[in-house]
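**Q** Got a structure for you, questions after.
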Amino acid sequence: MALTLFDTDEYRPPVWKSYLYQLQQEAPHPRRITCTCEVENRPKYYGREFHGMISREAADQLLIVAEGSYLIRESQRQPGTYTLALRFGSQTRNFRLYYDGKHFVGEKRFESIHDLVTDGLITLYIETKAAEYIAKMTINPIYEHVGYTTLNREPAYKKHMPVLKETHDERDSTGQDGVSEKRLTSLVRRATLKENEQIPKYEKIHNFKVHTFRGPHWCEYCANFMWGLIAQGVKCADCGLNVHKQCSKMVPNDCKPDLKHVKKVYSCDLTTLVKAHTTKRPMVVDMCIREIESRGLNSEGLYRVSGFSDLIEDVKMAFDRDGEKADISVNMYEDINIITGALKLYFRDLPIPLITYDAYPKFIESAKIMDPDEQLETLHEALKLLPPAHCETLRYLMAHLKRVTLHEKENLMNAENLGIVFGPTLMRSPELDAMAALNDIRYQRLVVELLIKNEDILF
């Protein structure tokens, strides 16, 4: 049975925007120009990149070799002051350099000159290439979509319950009508929800502080990458919201202080998550797959059929709030499609997709090859480009999907159908062009289909 396109799995633009991340990857790398002779009176906090009292013209000649080249010189006009000379954009840039225990040319302080130059090259490159893009970052925020407030809301099955005043008659009622009144269905609960129950009861200004993020991080207001090595943005000290400095001015006053101890699972970089929890794979992947395999392998349309979106959001909230203690058992979520939906949502919300932007072209290339042996060889080479945590998670997922296909007679899901569902979920084109991304969907589907069919060979 072949499926063409599912209503619930049509192409959707990714939540997290990769353009600035791609630019950071492309930025020139630092290249230290060392002095070949001993320089008298060299400050102890500089290394062989210090060339003494040389002119701007002499520095320019030394740096002409490559983009990213740098050296430090002492000013001829103002002895005792120092200049960082840096090659960028085919010209030499000169910055007054300071040291107070750390190196700096502006607000940011660095432990080493190398880190200062690396961060500077990233900033110069991104601001040169994407000045207009950066100026418009705050125009279409995703803040309401990510919804930090959803982490603290009541679950769907609770928040729709009306506030009922208990009466003496209600407590003593044993008749069928009394039981029915107290056990309102979820549909009736939704119908009785009052509009004012959805309005926040108070406002609180976020307590933003400049923050250095370890590992890749994305702004939770505009969904763009937070570039640089240190002080890439600001973090709310009370609720943990991470945003660009310029985006912090646009965030509404909706800080929830009781979220400060929450460690997010969804929308967190995969490698960062597994390192933080010291696990081989993200807990949400392991727990969802175990639950699906324990009671859902024979479910018709597994992964194709959508679950109720409010309850999928509840599962996401449970993982973000409770981590590995999240209850996703049949007692909480009888419909297995809620769990499959939560797993697909986890992969869709990854800032860097499971099949990363760097590896994406190689995977697409493999799907276009007609010779089966060459195709598998290229696919094997593509897998080597994945970070270890991504590769291990992909291996585990493909082994699971292979087991799903063994129950095809019952669930009607073969490798081709699963490829249709998971292709755009696990892979996202690094290209900004929507048409190019749409054209790649058929190859994305084929990549996943090949990974499932050849799981035992490739992994």
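The backbone N, Cα and C atoms fix where each Cβ goes, glycine too.
The N-acetylalanine annotation in Swiss-Prot covers A2. Marked as domain 'SH2' by Swiss-Prot: 49-135. The phosphothreonine annotation in Swiss-Prot covers T192, T340. Among the features that Swiss-Prot reports, zinc finger is placed at 205-255, with the record citing sequence analysis. Annotation comment: Swiss-Prot describes 268-459 as domain 'Rho-GAP', evidence class sequence analysis. The feature site 'Arginine finger' is assigned by Swiss-Prot to R304.
I'd like these features described in context: how deep, what's nearby, how far apart.
**A** Residues in the domain 'SH2' (49-135) partition by DSSP class (helix H, G, I; strand E, B; coil) as 30 helix, 26 strand, 31 coil.
Predicted-model confidence for the zinc finger (205-255) is 91, expressed as mean pLDDT.
DSSP assigns R304 (site 'Arginine finger') to coil in the three-state reduction, outside any helix or strand.
Note on T340 (phosphothreonine): other Cβ atoms within 10 Å of its Cβ, all shown chains, come to 26.
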**Q** Measuring Cα to Cα, how many Å separate R304 (site 'Arginine finger') from T340 (phosphothreonine)?
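**A** About 9 Å separate the Cα atoms of these two residues.
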**Q** With DSSP, how much of the zinc finger (205-255) is helix, how much strand and how much coil, in residues?
**A** 4 helix, 14 strand, 33 coil
**Q** What does DSSP say about T340 (phosphothreonine): helix, strand or coil?
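**A** Reduced to three states, the DSSP call for T340 (phosphothreonine) is helix.
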